[in-house]
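Per TrEMBL, compositional bias 'Polar residues' is recorded for 1-11. The feature compositional bias 'Low complexity' is assigned by TrEMBL to 47-56. Sequence annotations record features per position, and here TrEMBL assigns compositional bias 'Basic and acidic residues' to 57-69, 79-101, 110-123. Per TrEMBL, domain 'CRAL-TRIO' is recorded for 212-387. As annotated by TrEMBL, domain 'GOLD' applies to 363-497. Per TrEMBL, the feature region 'Disordered' maps to 1-123.
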Amino acid sequence: MAEEQPTTTLVTPEKLPSSDLTPPEVSESTQEVLPRETVTPEKETETNPPESAETTTKSEEETAEEHHPPTVTETETASTEKQELGEESSSQKEVAEEKKSMIPQNLGSFKEESSKLSDLSNSEKKSLDELKHLVRDALDNHQFSSISKPEDTNNTPEEVKIWGIPLLEDDRSDVVLLKFLRARDFKVKDSFAMLKNTVKWRREFKIDELVEEELVDDLDKVVFMHGHDREGHPVCYNVYGEFQNKELYNKTFSDEEKRKHFLRTRIQFLERSIRKLDFSSGGVSTIFQVNDMKNSPGLGKKELRSATKQAVELLQDNYPEFVFKQAFINVPWWYLVFYTVIGPFMTPRSKSKLVFAGPSRSAETLFKYISPEQVPVQYGGLSVDPCDCNPDFSLEDSASEITVKPGTKQTVEIIIYEKCELVWEIRVIGWEVSYKAEFVPEEKDAYTVVIQKPRKMRPSDEPVLTHSFKVNELGKVLLTVDNPTSKKKKLVYRFNVKPL
């Protein structure tokens with residue numbers, strides 16, 4: 001994201017008001033300073049009183065010790081712009097298209113069970129103890145080995161690892177076994193049979209060796225991990241639209257050998273991701289998956305359909321209870337057909353974890369589960385690709401969300417109590433609004449600095465705007481978004497303060 005510099009100039013009054021701080025530093029481009037009396041906020045908000053002059057003249061050491069963070073208020077007023085008929089018809093068209101697609105909005109509620117062993121019910125504890133007993137007998141008698149020999153039963157118990165965790169070695173093994181129990185509704189014999197089949201498949205597929213291999217993989221934009229959801233689950237993104245690239249598609253699916261390689265790379269990616277999870281009691285041992293259906297090749301590609309079916313079967317049989325949520329975004333009309341194909345291979349429990357959203361509601365749906373600073377820019381958030389450079393913000397810098405109602409104006413007021421440089425990012429999903437930024441000094445006779453003149457933002461404009469402003473006197477920065485459309489908008493922003 002390129003940083004957008006303030007577009008303002010400074011006009012110095014003949015007599016500056018007395019202050020312990022110097023006037024704000026600004027660029028010499030087209031910056032504009034307005035008399036304070038020309039700015040009349042439509043709604044006043046009570047705030048904490050600013051520091052006294054005595055406080056602002058303290059030494060740098062004392063100032064650091066008594067640092068006062070900015071105060072933020074959010075004010076809603078009536079829009080000052082006329083509604084554009086083109087925007088209204090566009091909004092109505094989006095709603096009509098989404099209704100026409102008949103995308104399922106809810107396939108049942110789901111609440112993730114606790115991974116704390118102490119939270120298990122008595123019947124669940126009993127089932128876990130029974131399964132552990134069966135596993136112990138199997139280890140002692142080498143029942144997990146692909147070829148059992150009579151003399152092996154007198155040797156030391158065999159060691160079996162799943163996802164890097166040795167069975168029955170510590171409490172992490174209990175969390176692993178719970179996944180198999182929950183996948184089979186705590187039916188001990190069925191869970192044990194599933195566990196044995198999984199161990200057998202892992203040995204035949206040579207999973208432990210696969211994890212260490214250096215496979216050639218051009219699919220880093222197709223499947224990738226990025227950030228965490230609001231509950232700490234790592235988020236995995238699957239971007240099917242990348243397969244519209246014919247060269248990539250043919251390189252991945254054109255023959256059986258390439259499809260096998262594709263499957264191996266995906267299993268390797270999954271295994272490496274799983275081994276970063278926390279299998280301790282109460283830890284996060286599931287993943288939030290986001291499936292981007294935008295521009296997906298669809299069911300017309302038989303090679304993709306075949307590979308998807310095979311992958312789903314393997315995941316269902318050998319990776320139980322690893323998905324916290326499955327969010328499908330940018331869902332097209334044909335997805336119901338796609339869902340009909342994969343549905344029979346999914347358990348009712350898996351279906352209950354599904355979340356669907358059409359193109360116009362994808363960002364809003366993701367924000368319900370993932371904070372905006374954790375969501376990649378291409379999906380409506382503020383987080384840039386890890387390969388890009390964003391020195392001002394990181395995943396740890398939290399963002400705020402505001403819903404800007406139709407025909408209203410939203411102002412974010414950031415009150416500054418000390419000399420600093422304020423850096424902020426702001427975006428409105430889909431834009432189609434006007435945005436401006438200004439600095440209002442505390443002194444009554446001071447001039448308002450226009451940091452960004454009112455600018456009509458279009459969806460094709462830069463998705464995230466970045467500004468910085470050096471504050472050398474007490475006052476407040478106002479970020480204003482004017483929404484003249486008939487559609488509510490989601491405003492996302494965050495800021496950092498850098499002492500001068």
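Placed from the backbone N, Cα and C atoms, the Cβ positions cover glycine too.
Within its own chain, the compositional bias 'Basic and acidic residues' (110-123) has Cβ neighbours under 8 Å at 171, 174-175, 178, 182, 186, 281-286, 324-325, 349, 352-353, counting only residues six or more beyond its boundaries. DSSP states for the domain 'GOLD' (363-497), grouped as helix (H, G, I), strand (E, B) and coil, give 13 helix, 70 strand, 52 coil.
Per-residue pLDDT, averaged along the domain 'CRAL-TRIO' (212-387), amounts to 89 for this model.
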